[in-house]
Amino acid sequence: MVQLRKLLRVLTLMKFPCCVLEVLLCALAAAARGQEMYAPHSIRIEGDVTLGGLFPVHAKGPSGVPCGDIKRENGIHRLEAMLYALDQINSDPNLLPNVTLGARILDTCSRDTYALEQSLTFVQALIQKDTSDVRCTNGEPPVFVKPEKVVGVIGASGSSVSIMVANILRLFQIPQISYASTAPELSDDRRYDFFSRVVPPDSFQAQAMVDIVKALGWNYVSTLASEGSYGEKGVESFTQISKEAGGLCIAQSVRIPQERKDRTIDFDRIIKQLLDTPNSRAVVIFANDEDIKQILAAAKRADQVGHFLWVGSDSWGSKINPLHQHEDIAEGAITIQPKRATVEGFDAYFTSRTLENNRRNVWFAEYWEENFNCKLTISGSKKEDTDRKCTGQERIGKDSNYEQEGKVQFVIDAVYAMAHALHHMNKDLCADYRGVCPEMEQAGGKKLLKYIRNVNFNGSAGTPVMFNKNGDAPGRYDIFQYQTTNTSNPGYRLIGQWTDELQLNIEDMQWGKGVREIPASVCTLPCKPGQRKKTQKGTPCCWTCEPCDGYQYQFDEMTCQHCPYDQRPNENRTGCQDIPIIKLEWHSPWAVIPVFLAMLGIIATIFVMATFIRYNDTPIVRASGRELSYVLLTGIFLCYIITFLMIAKPDVAVCSFRRVFLGLGMCISYAALLTKTNRIYRIFEQGKKSVTAPRLISPTSQLAITSSLISVQLLGVFIWFGVDPPNIIIDYDEHKTMNPEQARGVLKCDITDLQIICSLGYSILLMVTCTVYAIKTRGVPENFNEAKPIGFTMYTTCIVWLAFIPIFFGTAQSAEKLYIQTTTLTISMNLSASVALGMLYMPKVYIIIFHPELNVQKRKRSFKAVVTAATMSSRLSHKPSDRPNGEAKTELCENVDPNSPAAKKKYVSYNNLVI
């Protein structure tokens, strides 16, 4: 009892849970009272060195019963794998020569508390019993049979069982090597310092499963875990790694409760809960065999064949038993298990086991009944659901299905790892000793642990067996998919592997009904090209899709960005492309009309000019003022020419000519007309005051005045050239519409609207001034001068330009600005030139060509007579007319012989007075 109290203090300092202490004390108390009888269900094999073994030979029993049905694969296969490995090692002269390995193998019944109670058997030899007060009937002290010393333990299977057992074994410094426990917390070398395993931890497995899920394009999954360390810690690792990897969301994390009376209801509720998130079709499972079987059955009851996409951990692996009668629900399931190979020697060994040659396995008879569905005649048979008698002649693999269980390889590797450690320890401590020397006998578990962590050999699968500083094996996994259709061999198919990185053969995968296309398990379908994701708060894998609008393109899946200034989005808005460059084309309707008018005007102007040159010395041509007439015709011609410059493809030369000729044609035209109207006005104003002719009315003076007016325009253009040299630009604002598809860059000269108005402003000023003079000279007789035709010309021109201004500026924001403004400007200039050409020149050309009899010189008058006649005409114009058409018209000129001396003497020259 003293030893028990000491152990209690030690366990208390280790902060064991109260329930563990209670179980431990009860078991130790029984051992201390001298109960040396071994449990009826255990295997004991004599040897120089004894290894412990923990295997889930039976499933959990119902409430109140420790053990349930026998587990043929996970239990018996694994247990026999240890016995097979012991046989191989004991028969190997090169491994532990002269040393025989024994074993003490116990059943954990897949329950951690029961396994803890059973594992106390391993520490009995290390507990010193106080027998001072115990005497036999003869007064002699009792003789106790000392239990064999267990130097190391192989097991356990479930992580929760291994954790419970590891807590007690570390107290007695007994090394432990597991063949199936993968819980990440067992990697904590401070808490489980005597624990090692030949399988990788779930942290590697979880990483592999995350990689699989991401490779299949699934970003919205649910997790399902059996209650306990393996399931809960596995899901915890998966969740943590998925968060670190990003792009993967957990829809639901469901835990499968244990120790419930009616578990069928629980599994039906779990399936219903998983269906609450229908888009989360992928379900990552960290569960034991029984829970996997029950969850598949519940899914089948819910008629969800083909809905769930199962991703199973190594507890599912490539096992057949959990899928029995639920193959349709499991079709397409992806499972993972540590990389392994079939141990052929074990197959031969196991299939040769019979009731006669395998009496050392105390559970083999029960396995025989379950495997062959028969009943043995021996008492204590548990097979009550059949009347078929076992003959003992049945053979495994012939009379029953047989497939090597997935963890057999790792059981063998675990036993060999312990054997290699003992071998090296024996060589170091017992170099000159055959068998187990006293030094090795007295060596503690810490020393053996050191040798275990340093082993490195090729295991039964040909892969290296080694441990890192935490006692973990490297991560190497095979990836399987359960396939039943379109295959000659239904079952698990190897589709990839994971060794630090994923290698997955997606082309070998298939899903329900043989479908090859990977089904979706996403919260929201991927956005279309040109749309960005707008995630929902708290669920980054769920989003709404928002189109990139305007001039934005999809920069990445979360962001829309504006295209550069000179680009627009491409058709699907996944990038940008250059905005097309346009200019006013010759074939455009906007250009055809101005060009047509300009060509007609140029032809007419050339015709008029040719006519005037041909009839240069005729009275009408001379009377119209030949010098200014040619100047005016030049201006009209330039007004037509500017149309071609405005439509031509812009370059530096074209832009230079545009600047020069844009206002020059109008300036020349209106400078000549202004000079004419000003001369008329001054002549008649001067005539009212005196008979002396005004100054500067000679042709030379008129040309000088006109030239000076034109030079102002040219000076302004030269200043413009100096301040802002001609250049071409591409204007992207002018044609940047709301719809990017219609956006265009306009190739044009670097001339702003304001500069155009400034260039035309001087000409417009001349036009307005000329109009004012035309109004003032409106009373001059029409046959005497050109004042009235000039007046009509200016009135019409003003109307044209008054219409031009609102059209030009009113379309400044229009997408058709280039076309409208260019067309408006050129047509306005064409109309202005045509009005002047038509009103001032066409009547004269008509007379010259069709009525040459009227093209004669009229009688000359003195300057005073001209003025007096004009004054009288102005007065008579207010009196009623006796003519039929009501005209108040006075003929001031008579036909006279110009060569008569009287004419030369009494009259001034007509040519000097007629305007």
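The backbone N, Cα and C atoms fix where each Cβ goes, glycine too.
Since this is a predicted model, take the numbers as computed values, not measurements.
The feature signal peptide is assigned by Swiss-Prot to 1-34, with sequence analysis given as support.
What Swiss-Prot records for 35-590 (among others) is topological domain 'Extracellular'.
DSSP assigns C67 (disulfide bond) to a strand. Taken from Swiss-Prot, the feature disulfide bond applies to C67-C109 (among others), supported by similarity to another entry.
All protein chains considered, the CB of N98 (N-linked glycosylation site) has 12 other CB atoms within 10 Å. According to Swiss-Prot, the feature N-linked glycosylation site maps to N98 (among others).
Here Swiss-Prot flags C249-C541 (among others) as disulfide bond, drawing on similarity to another entry. According to DSSP, C541 (disulfide bond) sits within a strand segment. Within 10 Å of the C-beta of C541 (disulfide bond) we count 22 further C-beta atoms, all protein chains included.
Every protein chain considered, the tally of other Cβ atoms within 10 Å of the Cβ of C390 (disulfide bond) stands at 21. For C374-C390 (among others), the entry in Swiss-Prot reads disulfide bond.
Contacts of C437 (disulfide bond) defined by a Cβ separation under 8 A and a same-chain sequence distance of 6+ are given as N426, L429, C430, in order along the sequence. C437 (disulfide bond) falls within neither a helix nor a strand when secondary structure is assigned with DSSP, and so counts as coil. Residues annotated as disulfide bond in Swiss-Prot, with similarity to another entry given as evidence: C430-C437 (among others).
What Swiss-Prot lists as N-linked glycosylation site is N458 (among others), and the listing cites sequence analysis. All chains included, 11 other C-beta atoms sit within 10 angstroms of the C-beta of N458 (N-linked glycosylation site). Under the DSSP three-state reduction, N458 (N-linked glycosylation site) is assigned to strand.
Sequence annotations record features per position, and here Swiss-Prot assigns N-linked glycosylation site to N486 (among others) based on sequence analysis.
According to Swiss-Prot, the disulfide bond annotation covers C523-C542 (among others).
Residues or ranges marked as disulfide bond in Swiss-Prot (evidence: similarity to another entry): C527-C545 (among others). Listed in sequence order, K533, W543, C545, E557 are the same-chain residues at least 6 apart in sequence whose CB falls under 8 Å from the CB of C527 (disulfide bond).
In sequence order, G530, Q531, R532, Q554, C560, P569, R573 are the residues near C548 (disulfide bond), counting only same-chain partners six or more apart with C-beta under 8 A. Positions annotated as disulfide bond by Swiss-Prot: C548-C560 (among others).
Swiss-Prot lists C563-C576 (among others) with the feature disulfide bond. Within 10 Å of the C-beta of C563 (disulfide bond) there are 22 other C-beta atoms, taking all protein chains into account.
DSSP assigns N572 (N-linked glycosylation site) to coil in the three-state reduction, placing it in neither a helix nor a strand. Sequence annotations record features per position, and here Swiss-Prot assigns N-linked glycosylation site to N572 (among others).
What Swiss-Prot lists as topological domain 'Cytoplasmic' is 616-627 (among others).
Taken from Swiss-Prot, the feature topological domain 'Extracellular' covers 649-654 (among others), and the record attributes it to sequence analysis. Listed by sequence, the residues of this chain that lie at least six past the ends of the topological domain 'Extracellular' (649-654) yet keep a Cβ under 8 A from its Cβ atoms are 583, 726-728, 747-749.
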Within 10 Å of the Cβ of C523 (disulfide bond), how many other Cβ atoms are there?
19
Fewest other Cβ atoms within 10 Å: which of the disulfide-bonded residues C109, C430, C545 wins that one? Let me know.
C545
Predicted model, mean pLDDT over the topological domain 'Cytoplasmic' (776-788)
64
Please identify, among the recorded positions N98, C249, C374, N572, the one with the smallest Cα-Cα distance to C109 (disulfide bond).
C374
The answer for the topological domain 'Extracellular' (724-753), taking Cβ pairs under 8 Å and residues 6+ beyond its ends, is 550-551, 565-566, 568-569, 579-583, 649-652, 654-656, 658-659, 808-809, 812, 815, 817-818, 821
For C374 (disulfide bond), the closest of the recorded positions by C-alpha position, picking from C67, C249, N458, C541, C576, is C67
Do you see any of the recorded positions C67, C390, N458, C523, C563 whose C-alpha is within 10 Å of C541 (disulfide bond), and which ones?
C523
If you measure from the C-alpha of C249 (disulfide bond), which of the recorded positions C67, C390, N458, C523, C542, N572 fall inside 10 Å?
C523, C542
Pairwise CA distance, C576 (disulfide bond) versus N458 (N-linked glycosylation site), rounded so that it is a whole Å:
58
